[in-house]
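TrEMBL has this to say about the protein:
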TRANSMEM  B:6-25  transmembrane segment
TRANSMEM  B:32-56  transmembrane segment
TRANSMEM  B:71-90  transmembrane segment
TRANSMEM  B:117-135  transmembrane segment
TRANSMEM  B:155-179  transmembrane segment
TRANSMEM  B:186-203  transmembrane segment
TRANSMEM  B:209-230  transmembrane segment
Amino acid sequence: MGLESSKWAIIFLVCWLYKNVSCNSVEQKIYVELNNTVPCVRLLNATHQIGCQSSISGDTGVIHVLESEADLEWPLSKGPNPPYMVLLESSLFTRSIMMKMKNESNRVAGVAVVVPNTSPPEFSPHTTCPNENTGVYSDNYGPNLAHCNTTVWNPLGNGLSYEEFDFPVFSLKEDNETEFIKQCYLDHNRAVNGSAPQYPLCAMQLFSHMHAVTNTPTCMRRNDINFSINPEMVCDPLGDYNVWGSIRPYNDTVLGHKENESVVIAAARLDSRAFFWEVSTGAEGSISGFVTLLAAAQALREVTHKAPPTRNILFAFFQGVSSFCLPKQVSLETFDYIGSSRMVYDMENGKFVIDLDNVHSILEIGQVAVHSGTNLFLHSDPVSRSNDTVNDEVENFVKNLQSSTAGLSFLLVEPNVSQPLPPSSLQRFLRAQPIPGIVLADHESAFNNRYYESFYDNAANLNLTYPSDLSPEEQLEFVTETAKSLTDVATVVARALYKQAGGDDSQVNTIKADPKIVTQMLYGFLVSSNNSWFQAVMAPELKNILKPSPPEYYVGVVMSSTPTRLVQYLLANLTGAATNLTQSQCQKPDELPNESRQMYSYLWVQGIVPPNSTQRDSFCVRASVRLTKAVSPAFELGEYASKDYSTWTESRWKFIKARIFLVASRDLEMLTLGVGVAVLFTSLLVTYFISTKADVLFSSTREPASAAY
Amino acid sequence: MTAAVFFGCAFIAFGPAFSLFIFTIAKDPLRVIILIAGAFFWLVSLLLSSLVWFIATKATNAQDLTLQKNLLIFGSIFSVILQEVFRFAYYRLLRKANEGLAAISEEDGPALSVREMAYVAGLGFGIMSGAFSMINTLSDSLGPGTVGMFGDSQYYFITSALMTLALTLLHTFWGVVFFEGCERKRWWVIAVVLCLHLMVFSLSLLNPFYVGSILPVYAIMLLMAVWAFFSSGGSLHNITLLWTCRKSNTETSS
């Protein structure tokens, strides 16, 4: 018994010790894993695939740090050790260099781009004419305005986002890992005086194998093949949720046209943009727009309760989200207007609370933050304005907007020339019906934004600066210049919307947006989403999505992303009302006489922490804020090759990683193999020989005089 | 490094052991049993000595690198001593088990001579020791990279394989010599084997100065080969016999 228990004790001890073993294996001498990398993945639409692909066991190449465009000769033709893995600084990440590498892709194993901390003078990977095939302008509608014939909106665009590469492209941050890679290159790979570098050479291996190929119909068909119990999906449609809210609530269950209902829609985009999957922001591209709209919604709260306008005002935030690990962090609105096309589709088919005939007019807030002067511009569609009724409405709207700037430091001006609408969600509405609409933007013709849909469209692009001695909480409260100017824009928008909705003119001047709210939102969306205000307005179960960095705009396809949730809760906080309901009542409000879940949504939020306690003051917010699915109608209808709707999908993959190591020369490897084979054969021969003659060799017990055989 | 290096190193490290196994051991089940039991004995000795080392490292500061290196050396010396102790223990076990083996063997009389058991036991020790030295390294040699990023020599895989080869054969020869010494009650043989084992271990500490470590180890191996040959019944006379036999064979046949 004693022996047995001591046996168990030893076994237990061994198992416990084994758990704490740390490895110092040969693998650590060979490979260095790169952790801070971001891949470029593959996206597909009805006809094409874009993005990058690696082979299934990774692509290995000898590292070459590109110094200039002329240096491309080495990896593409002169270098003696192809294939090469080209390391680029972001200033060399241009269209011409990438296209040259694409043409010689048998000598290029992959590309790694080093993204610096400071922005280059300009960089936009989107096309020069964003969404030119899915907007309203086509050969049938304003043919001379289509395809940017009159105005090129994004002249700095290089279109890299829409190219297909058959090698992997990764991005690296400018940190210690990248320094290590460059040092490895300098130590091993540099050619000395024109002679070839000596083995062993420094190499990098990138894994980013994508499962989907060709185009969306192909990959959706392959999704449906049911070979095994766990069918493998190869791609996912891009999609997220739109957020909308209104001044007067709508019954969620009564869909379709509403008699005598006239609605003014105020719209903005929620997307985030970057080339690689990174902490991307889209500060000027989208955040300026939706922050302004949120502030306007808040400014309208009080006056619409006191003196309700005739028409309802509906605030719509069209989500563009990257799905799961999207590298080209482009918004759905960028990918052919997924969010707005879905809402238009729902309205056309009676699946939304109102339909297109109920829409009186639309105001869209575009890029409004980067002023190059003191004016903002009101863009409208000249083709629909050729109709007199529409034209009158638009002119009335313009008048309302222009008169709202009284007392403020800027003016709203219509562009001088007749030009089309810039890329905007309004275009999708116009595709369905000629609705009077205006897009508010800070650019008269081409974008002021030099980093449209790139990683560099961040807080610095908006000149968002805080004094250096402030703590994070103080930064949250500090009203920046950017916040002040966006507040003025929000005030104008709110007043114009109120007037447009038929509100009481005497009340207009009481409408003022709150700069504190604007600056807090800018801080939360551009610097750190884990601040006290965002924590207070979010639900307890969602508090973990808030991080000490700008929100991450990537998530699984069917979940809603951080920006969607944030905007939903913020809109609820800014336009809704706090109630006295308890948490359980908040989840089942229909049991109470005056509450109805069909009219409102009830959200339980964390609330602030009162000064002398540690418990949060949670409460239930009642707001007419809803989420609607923003997946392209093409997937609902099963028309995967649709030309009318967006058909973008994103490929799936198993794992994505990168590592560097040294590679030895082929000669050494063959020598090793040769020696091994020689040793094996020699030992076989010798052993055979000795074993057959063993009785002769090891016979000291026999007579020394042995007969000769 | 790639498949070429994987196979090359595998053949270098395990080629002789493999050929010895095929031609001398595989046909006789009794020898197979003794081989595997010998491997097991070596394994147990390694387990116990590594337990000691492991406890020592966990009980001390993991950041102090010289201390850890010294602990490794201490652990290895302890392991060498324990391996020889287990070799002796295996010898005693085999002697005791001789009667039992005789009962189950097909022939009359002792199934295996002590010399054969010595050789097989040594080979068992050698194979298991080689496996433990080399398998981990071999699996890492399959990938595309080679050692050298942090200053190690790029000949790491080949030299590991060569060391493993030498160690396998050394264990075989030591087994032969050791058992013979125990039979003849020549206890100084055990001491010499232990000393040589410790010397080989300390030479391996000279890595990556491969010239200083591999060449002396191979010299010791050749010495041991000669000693094992003589102690297992060979003699120069037998070699000349062999040579003349072959010569006369060729004469008569031609």
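Glycine is no exception: its Cβ is also placed from the backbone N, Cα and C atoms.
Any TrEMBL annotation is an automated prediction that lacks curation.
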Checklist entry - Do any residues of this chain, six or more beyond the ends of the transmembrane segment (B:117-135), have a C-beta under 8 angstroms from a C-beta of it, and if so which? => result 9-10, 13-14, 17, 20-21, 24-25, 31, 34-43, 46, 83, 87, 90-91, 94, 160-161, 163-165, 167-176, 178-180, 232
Checklist entry - Out of B:6-25, B:32-56, B:71-90, B:155-179, B:186-203, which stretch touches the transmembrane segment (B:209-230) the most, going by CB pairs under 8 Å? => result B:155-179
Checklist entry - Any residues 6+ beyond the ends of the transmembrane segment (B:32-56) with a Cβ under 8 Å from its own? => result 21, 25-26, 71-72, 74-76, 78-79, 82-83, 85-87, 89-90, 94, 112, 117, 120-125, 127-129, 132, 175
Checklist outcome for this item: Counting only residues at least 6 beyond its ends, the same-chain positions whose CB falls under 8 A of a CB in the transmembrane segment (B:186-203) are 76-77, 80-81, 83-84, 88, 166-167, 170, 174, 177-178, 180, 212-213, 216-217, 220, 224
